[in-house]
Amino acid sequence: MDEEAPLVGDKLVEIPKKNHARDVHILSSAFLLVFLAYGAVQNLESTLNTEEDLGTTSLGILYVSFTFFSMVASMVVRGLGSKNALVLGTTGYWLFLAANLKPSWYTMVPASVYLGFAASIIWVGQGTYLTSTARSHARDYNLHEGTVIGKFNGEFWGLFASHQFVGNLISLALLSDGTEGSTSGTTLLYVVFLCSMTLGTILMCFLTKKTDEVESRQPDSSVSFYSNVVSLSKSVINPLFDVRMLLVIPLIAYSGLQQAFVWAEFTKDVVTPALGESGVGGAMAVYGAFDAICSLAAGRLTSGPKSITLIVSGGAFIQAIVFLWLLLAYRLTSGVLGIMYPLLMAAILGIGDGVFNTQLSALLGILFKHDMEGAFAQLKVWQSASIAVVFFLSPYISLKAMVAIMLAALCISYAGFLFLTLKVEKAFSSSSL
């Protein structure tokens, strides 16, 4: 409920409008500080923690845990509030990075399981907080809601995507003297990253609490344990009865598959043979730079379902080109072309990732206004599940087979998305008129 403007004498004094853009700047910067550290460490897991495949197994456990806890994350975020969920979520990333200082099954596995929980609430909290902030900004300044949601998502995902660029440059700078395998080199890197994460956590504390969330979370003594269980079940199951969610889930799953493909397959089977292990950081920096640029541009161009359809179509088309190239025509070559081809692919894959991140968040924010926590929980359930599948399959499947799977998944998910935006949403829109 809006507050009435106070009277001073006979004059009506207008209450200053809140600067919602400030919260977007803080949220985006905090995520950059946290994930430039985590993203770089995740990229190094398979090369630094190689004993008994500790690194890749830990990541697989992490994303299984992420999938499971995403099913209950919406209720946790609803109970804590999105700001508190964001602050608590950063602790999982901090603990996981600290466990890498003394990597063993006794430190990495518990840290991976807890990070799965922390990641589920921080990402549901992020989607809820950002969409709520965009709505408040649009309402206070009489702006088009879809445009503001797109703009805020573009800023967030643009700055977030640059974590790959910044984090990998830091890794390259600290490990470039041949200390990648030494204890002193990796310890220094992890200490720098822990400081970055700590700054990100502190920055989260300066976010503004959403008053509508506070009001909706007032305690009710009549609520029983049974009622909480029923509420949890509804938050997990109810979105699956919405045909719009069923049609967008394949694209959500594909967005996770294409991210994991870059982390697990592209770096191992395309970049490393062409550029060597030292070239992985450079290729991922290119990937992150183009991801960030595309996120900012796509966010600026987003205004509603029609623009989302066009932008997603472009992202799907260019990623399909890369997969067809890898499947039918790519061969390892020497010279300048041998260096340029993997970097070009990294740039194109980064553009596609920027498209899917910004447009999926904007689409869910527009379509599921009345259950944002549930919608963003579904986003993370299906993304993390598909990422876990790739990590567990990676050691047992060839590059060609994985590319064929990616191409089939892209075609199926795009068909469902196209049907949603062109047919189903028209029916929902006309019925609400």
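Placement of Cβ uses the backbone N, Cα and C atoms for every residue, glycine included.
Residues or ranges marked as transmembrane segment in TrEMBL: 24-41 (among others). Counting residues 6+ beyond its ends, the transmembrane segment (24-41) has Cβ neighbours under 8 Å at 86, 90, 93, 96-97, 100, 126, 129-130, 133, 152, 155-156, 158-160, 162-164, 166-168, 170-171, 189-190, 192-194, 196-197, 199-201, 203-204, 206-207 in the same chain.
Here TrEMBL flags 61-77 (among others) as transmembrane segment. Proximity of distant same-chain residues to the transmembrane segment (61-77), defined by a Cβ-Cβ separation under 8 Å and at least 6 residues beyond the stretch ends, is recorded for 85, 96, 109, 112-117, 119-121, 123-125, 128, 228, 231-232, 235-236, 371, 373-374, 376-378, 380-381, 384-385, 387-388, 391.
Same-chain residues lying 6 or more positions outside the transmembrane segment (113-135) and placing a CB less than 8 Å from one of its CB atoms are 20, 23-24, 27, 31, 61-70, 72-74, 76-77, 80, 82-83, 85-86, 88-93, 95-96, 145, 148-149, 151-153, 156, 207, 210, 212-213, 361, 364-365, 369, 372-373, 375-377, 379-380, 384. What TrEMBL lists as transmembrane segment is 113-135 (among others).
The feature transmembrane segment is assigned by TrEMBL to 156-175 (among others).
Positions annotated as transmembrane segment by TrEMBL: 187-207 (among others). Sequence-distant contacts of the transmembrane segment (187-207) (same chain, at least 6 residues past either end, Cβ-Cβ under 8 Å): 23, 26-27, 29-34, 36-38, 40-41, 83, 86-87, 90-91, 93-94, 97-98, 100-101, 129, 167, 170-171, 174-175.
The annotation transmembrane segment is assigned in TrEMBL to 243-264 (among others).
Sequence annotations record features per position, and here TrEMBL assigns transmembrane segment to 308-328 (among others).
Sequence annotations record features per position, and here TrEMBL assigns transmembrane segment to 340-367 (among others). Beyond the transmembrane segment (340-367), the same-chain residues lying 6 or more positions past its ends with a Cβ under 8 Å from any Cβ of the stretch are 127, 130-131, 134, 145-146, 149-150, 153-154, 157-158, 160-161, 164, 244, 248, 251-252, 254-255, 258-259, 262, 266, 270-271, 274-275, 279, 282-284, 286-295, 297-299, 302, 304-305, 308, 311-312, 314-316, 318-319, 321-322, 325-326, 330, 333, 375-376, 379, 425.
The feature transmembrane segment is assigned by TrEMBL to 379-397 (among others).
Same-chain residues lying 6+ beyond the ends of the transmembrane segment (403-422) with a Cβ under 8 Å from its Cβ atoms: 244, 247-251, 253-254, 257-258, 261, 305-306, 308-309, 312-313, 316, 319-320, 323-324, 326-327. As annotated by TrEMBL, transmembrane segment applies to 403-422 (among others).
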| Beyond the flanks of the transmembrane segment (156-175) by at least 6 residues, Cβ under 8 Å | 24, 27-29, 31-32, 35-37, 39-40, 43-44, 126, 130, 185-186, 188-189, 192-193, 281-282, 284-285, 287-289, 291-296, 299, 350, 353-354, 357-358, 361
